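**Student:** The Zn(2+) 1 binding site annotation in TrEMBL covers C419, C423, H455, C458. Under the heading Zn(2+) 2 binding site, TrEMBL lists C446, H452, C478, H481. Annotation source TrEMBL lists compositional bias 'Polar residues' at 361-370. Residues or ranges marked as domain 'Recombination activating protein 2 PHD' in TrEMBL: 414-491. Positions annotated as region 'Disordered' by TrEMBL: 359-379.
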Amino acid sequence: MSLQMVTVSNNITLIQPGFSLMNFDGQVFFFGQKGWPKRSCPTGVFHFDVKHNHLKLKPAVFSKDSCYLPPLRYPATCTFKGSLESEKYQYIIHGGKTPNNELSDKIYVMSVMCKNNKKVTFRCTEKDLVGDVPEARYGHSIDVVYSRGKSMGVLFGGRAYMPSAQRTTEKWNSVADCLPHIFLVDFEFGCCTSYILPELQDGLSFHVSIARNDTIYILGGHSLANNIRPANLYRIKVDLPLGSPAVNCTVLPGGISVSSAILTQTNNDEFVIVGGYQLENQKRMVCNIVSFEDNKIEIREMETPDWTPDIKHSKIWFGSNMGNGTVFLGIPGDNKQAVSETFYFYMLKCAEDDVNEDQKAFTNSQTSTEDPGDSTPFEDSEEFCFSAEATNFDGDDEFDTYNEDDEEDESETGYWITCCPTCDVDINTWVPFYSTELNKPAMIYCSHGDGHWVHAQCMDLAERTLIHLSEGSSKYYCNAHVEIARALQTPKRVLPLKKPPLKSLHKKGSGKILTPAKKSFLRRLFD
């Protein structure tokens, strides 16, 4: 295992507890930040480009037929292969917290539409659920099992807000454990069925889940009601015959007590558990290897990496699985210094680089399950503070004042408008056109009537012209109103008549000088 520090060149404040990482064919993408600047990346998804321990976040694009995907924190995610013949992986996203701290009950499917050397275009679709629909939640897990040539999603655990009738102003954000039900979700038809298993007594959240063919293994987790992290190990087997599915649960020995751990796969039959918490506000510095052989699971401790003093002394840490046996970790920066980073980041490599493509595409179902609800000292009884503490680290309240409802106003007040009949600037496909554009399309103000904004690209403005108009104070008229503007031009200025000099006002040959009173009279007369 090797631990290396990573420097972030841009948008570092986006990487906060609750994010997720998704691995598509070896390319890693960042998702789920709180208070994302919608002008910076309308989709909220960034390419996680790491080269030579230097990280750069590049906005990703979505196809025009994609649905809106909010930047969810602490969702449940997993990979899904649509059919046994298909080699194309998709990501399933369920639940999570929206930027305004509401919980989502929707399920999204993300897939790669096209890919070239410069960018990846995604397609995101929302699945309508019917039947026993799981309530909105976060900190849970979702996995896919394959049995008898069919597939099914398995959802378990998590936390949800108290029912509306029980929520008060003082305890509006109070959460409770979800019921320990197992939900089977048909991704093709959206049908959901819940199962009550006697072996599952507590609604565990921020546990570790591993999917193996038709079986799900659930390790650790935290029970908010009892404030415990039971060292349980459950094996949930799902059989998918032609009739109704059969779900069985078995309690196995050899479990571990941990919550908010990160799981990464190192080879076909071996996984590594990194990070997490063993007690309230006490990190679990031990790493474990989970190996499978002949349908038997074995969990054993492994040699820990050489943790840095900053990681050892930090009260909290968070991260996500990058795939390829690599984990991305973050700890709070030292806000006691005059100049400090919001967070410090590390990459922990648990496997060699020569892994196969299947491992590169694998990401476990809880890539972002940093426990936000295990410690009372933090706001909302959340182990990872993502409101008050986060702004203390950053020194900027911009992210906390974000309101998701503003998205509806983009057509009127934002950059995503149709400025002319031939406007081709789209929220999902915009890329920089001018070298002066940083994170939004260049716009220019047309002064016709009450005035309106137009895209410089749609007006076919040369970059030199755009810069000239932006620096000057002259009025600009768009293509639709330029003819009107020409008709409104003022007439050319007429030069004034030359006035005769005062000396011409003297009487020739008189030799007399006019008095000031006479001079004033003559001026009025000639003027």
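Each Cβ is built from the backbone N, Cα and C atoms, and glycine gets one as well.
Fair warning: this is a prediction, and the values are worked out from it, not measured in the lab.
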**Student:** Tell me the Cα distance separating C419 (Zn(2+) 1 binding site) from C446 (Zn(2+) 2 binding site), rounded to the nearest angstrom.
**Tutor:** 11
**Student:** Would you mind reading off the Cα separation of H455 (Zn(2+) 1 binding site) from C478 (Zn(2+) 2 binding site), to the nearest angstrom?
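**Tutor:** That comes out at 9 Å between the alpha carbons.
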**Student:** Of H452, H455, H481, the binding-site residues given in the record, which has the fewest other CB atoms within 10 A of its CB?
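**Tutor:** With the binding-site residues H452, H455, H481, fewest surrounding Cβ atoms within 10 Å: H452.
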**Student:** Measure from the Cβ of C478 (Zn(2+) 2 binding site) and count the other Cβ atoms within 10 Å, all protein chains considered.
**Tutor:** 22
**Student:** Check the Cα-Cα distances from H452 (Zn(2+) 2 binding site) to the binding-site residues C419, C423, C458 and tell me which is shortest.
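**Tutor:** Nearest by Cα distance to H452 (Zn(2+) 2 binding site): C419.
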**Student:** In angstrom units, rounded to an integer, how far apart are the Cα atoms of C478 (Zn(2+) 2 binding site) and C419 (Zn(2+) 1 binding site)?
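**Tutor:** Cα-Cα distance, C478 (Zn(2+) 2 binding site) to C419 (Zn(2+) 1 binding site): 10 Å.
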**Student:** Could you tally the C-beta atoms, other than its own, that fall within 10 angstroms of the C-beta of C458 (Zn(2+) 1 binding site)?
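**Tutor:** C458 (Zn(2+) 1 binding site): 20 neighbouring Cβ atoms within 10 Å.
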**Student:** Quick check: which same-chain residues outside C419, C423, H455, C458 lie with their CB within 8 A of the centre of the Zn(2+) 1 site CB atoms?
**Tutor:** I417, T418, C420, T422, D424, V425, V454, Q457, M459
**Student:** Round to the nearest Å and give the CA-to-CA distance linking H481 (Zn(2+) 2 binding site) with C419 (Zn(2+) 1 binding site).
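**Tutor:** Between the Cα atoms of H481 (Zn(2+) 2 binding site) and C419 (Zn(2+) 1 binding site), the distance comes to 12 Å.
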**Student:** For the recorded Zn(2+) 2 site, whose residues are C446, H452, C478, H481, find every other residue on that chain with a C-beta no more than 8 angstroms from the centre of their C-beta atoms, and list them by sequence position.
**Tutor:** Y445, S447, H448, G451, V454, Y476, Y477, A480
**Student:** Over all shown protein chains, what is the count of other CB atoms within 10 A of the CB belonging to C423 (Zn(2+) 1 binding site)?
**Tutor:** 14
